[in-house]
Amino acid sequence: MNLSTEAAPPGMRPDVQGTGPFATAGPQPIDKYMWLRDLRMASPSSYFRVLVNNTQDVLPYIYTPTVGKACQEYHSLGIQTRGLYLRIDQDKGKILQRLKAWPQKRVRTIVVTDGERILGLGDLGANGMGISEGKIELYTAAAGINPNVCLPVCLDVGTNNVKLREHPDYKGVRAARPPQKEYDEFVQEFMEAVRAWQPHTLIQFEDFGNTNAFRILDKYKDDYCCFNDDIQGTAAITLAALLAALRVTGKRLADQRILFLGAGEASAGIATLISYCMTRRDAIAPEAARQRCHLMDSKGLVVAGRTDLQHHKIPFAHADVPACATLIEAVRAIKPTVLIGASAVPNSFTQQVVEAMAQLNERPIIFPLSNPTSQAECTFEQAWKWTNGRVLFASGSPFDDIVDARGIAHHPPQANNAYIFPAVGHAAVLTKSKHVPEELFLVAAEQLAAMATHEELSRGHLFPLFSHIRDISASIMATCAHYIVAEGLGRNPGGWSQQDLEAGNGWRRAARAAMWSPPAVGSAPASMDGTPLSSMDILLPAPGAEKTPSPLMSGELW
Ligand SMILES: NC(=O)C1=CN([C@@H]2O[C@H](COP(=O)(O)OP(=O)(O)OC[C@H]3O[C@@H](n4cnc5c(N)ncnc54)[C@H](O)[C@@H]3O)[C@@H](O)[C@H]2O)C=CC1
Ligand SMILES: CC(=O)C(=O)O
Ligand SMILES: [Mg+2]
């Protein structure tokens with residue numbers, strides 16, 4: 001549909017600074033983002049129908065890459081957030097009080113950021129709320145968590161982004177990030193307050209800077225139902241992509257040599273899970289498995305003897321490789337079968353690097369994972385061209401299809417943790433899991449890796465398309481929920497007996513039944529657990545808005 005010819009529905013912002021979806025110049029992605037936000041406020045049922053029925057089409061607008069731009073401009077977009085800000089200068093010592101005063105009385109899923117590392121865009125302070133909002137929408141769209149029980153949170157502890165915090169429109173705390181002790185006390189107060197307020201709530205840490213992310217995860221992972229999406233969710237999707245690629249090449253995981261550009265949350269998380277998987281699948285020793293993973297940071301290859309290494313890099317500091325300052329040197333020294341980018345350095349997978357990978361491997365596996373698109377290490381087109389179409393590719397943000405000389409379209413798979421976290425998180429919520437064990441990410445990855453059909457694999461699709469995400473999530477949820485209960489960490493989903501769960505596809509049916517869906521057009525807007533959708537202040541539609549036909553619902557999306 002052409003939004004530029006549509007009239008703005010009543011109650012909706014017609015435009016953003018004159019370039020909106022209804023302007024004659026045609027809508028920009030950020031306008032579509034704003035339009036969807038407005039639709040959510042005006043008519044939540046319509047919004048969730050759009051999201052659930054068109055997830056793949058809408059994904060680039062509510063999520064990467066557009067959410068990156070939205071976070072960069074959040075302070076000047078006139079956004080009214082539905083999330084909860086907790087400010088270190090005003091709410092310290094009063095977080096529980098704030099939570100108890102919040103209009104949602106039942107919350108089961110929280111995505112929380114402190115805004116320090118938003119995608120590959122750096123410290124965006126309070127603007128990071130946009131990422132918590134975007135991720136929480138995917139819990140509903142992809143895994144059917146009732147939106148009434150979802151809460152995006154931003155811990156506003158200040159920002160070291162001086163330009164942003166001095167901007168006249170910036171609404172966050174206008175101070176530098178605090179010292180670690182003060183920061184840790186604030187996070188601790190938040191964790192305890194959430195537990196006191198809502199004991200069975202899953203907490204997803206999102207886009208924290210890596211100096212805090214690893215420490216926070218280590219501190220809370222065994223005592224709280226929580227996980228870090230950038231470390232653990234990313235690990236699972238990347239392992240899934242790799243295992244699916246190996247279904248194409250027919251090679252063993254333990255025979256791979258994997259080189260990472262970037263040695264932060266994503267890379268360390270992926271390398272840890274891959275090596276763990278090697279020990280489980282191919283029965284090799286943990287040390288030998290880690291030897292197959294090589295990380296590069298901004299100072300060069302991570303090798304034994306370097307004295308400047310953060311804690312999370314040390315397991316991957318090997319003695320049997322030379323110090324390499326550049327990626328091409330490292331490719332020549334290590335001869336990787338797999339090249340993974342999680343550096344947020346655009347164009348770092350140069351023609352020389354990609355061609356070297358193509359010389360070393362019949363089917364080079366190349367995953368530029370950095371987000372948003374502007375930070376990707378290379379594009380699909382480049383990887384395709386420089387390997388003569390032999391690449392097995394997956395990227396963090398979406399790229400266009402390539403049509404080859406025979407007219408066959410090749411769709412670049414998206415290796416984004418959005419395939420994983422909604423289902424893993426919903427499984428933890430459904431079973432009231434005490435915590436989120438590391439093993440769950442392995443279970444989820446193996447499940448997803450097996451899903452693409454041989455026909456899909458032959459066209460480079462490592463996973464089924466995101467348009468099937470609810471089916472994908474149901475399978476992952478079922479396996480994860482089963483695992484949690486079998487390990488004694490949680491309980492059977494409410495209303496399901498052991499006998500029902502063990503019969504036929506019992507766990508899958510239970511997962512499916514737990515998925516909330518928006519009400520059909522014309523029916524009363526009620527949620528599956530009986531809570532009226534309109535009972536929550538944040539989701540209150542404008543009077544009569546439900547009757548307004550949405551142009552988004554009338555046919556093809558943009
Ligand atoms: N596809 C997906 O699902 C996900 C993608 N990501 C993306 O991965 C990127 C990195 O995220 P994190 O690991 O969490 O960040 P991080 O800040 O923890 O790590 C970044 C790493 O890149 C390294 N680096 C920076 N400049 C470099 C250079 N010139 N050469 C080599 N290494 C360099 C840094 O030293 C650091 O080790 C981001 O763009 C993020 O959006 C992160 C999580 C999930
Ligand atoms: C996808 C994601 O979590 C990130 O880029 O940070
Ligand atoms: Mg993230």
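Positions of Cβ are set from backbone N, Cα and C atoms, glycine also.
Curation plays no part in TrEMBL annotations; they are all automatic predictions.
It should be emphasised that the depicted structure is a prediction, and the values quoted were computed from it without experimental measurement.
The C-beta environment of TYR63 (active site, proton donor), restricted to residues of the same chain at least 6 apart in sequence and closer than 8 Å, consists of GLY134, LYS135, GLU137, LEU138, ASN416, ALA418. Among the features that TrEMBL reports, active site, proton donor is placed at TYR63.
Feature annotation from TrEMBL assigns active site, proton acceptor to LYS135. Within 10 Å of the C-beta atom of LYS135 (active site, proton acceptor) sit 28 other C-beta atoms, taking all shown protein chains into account.
In this view, ASN371 ((S)-malate binding site) is surrounded by 25 other Cβ atoms within 10 Å of its Cβ, with every protein chain counted. DSSP classifies ASN371 ((S)-malate binding site) as coil under the three-state reduction. Annotation comment: TrEMBL describes ARG117, ASN371, ASN416 as (S)-malate binding site.
What TrEMBL lists as divalent metal cation binding site is GLU206, ASP207, ASP230. Listed in sequence order, ARG117, PHE205, GLU206, ASP207, PHE208, ALA213, GLU265, ALA266, GLY269, ASN417 are the same-chain residues at least 6 apart in sequence whose CB falls under 8 Å from the CB of ASP230 (divalent metal cation binding site).
Per TrEMBL, the feature domain 'Malic enzyme N-terminal' maps to 40-221.
Summarising the annotation, TrEMBL assigns domain 'Malic enzyme NAD-binding' to 231-485.
TrEMBL lists 1-23 with the feature region 'Disordered'.
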Close-lying recorded positions around ligand 2 among TYR63, LYS135, ASN371, ASN416, where CB distance stays under 6 Å: ASN371, ASN416
Listed binding-site residues with Cβ under 6 Å from ligand 3, out of GLU206, ASP207, ASP230, ASN371: GLU206, ASP207, ASP230
Listed binding-site residues (GLU206, ASP207), ranked by Cβ neighbours within 10 Å, top entry: GLU206
Distance-selected recorded positions near ligand 1 (C-beta under 6 Å), from TYR63, ARG117, LYS135, ASP207, ASN371: ARG117, ASN371
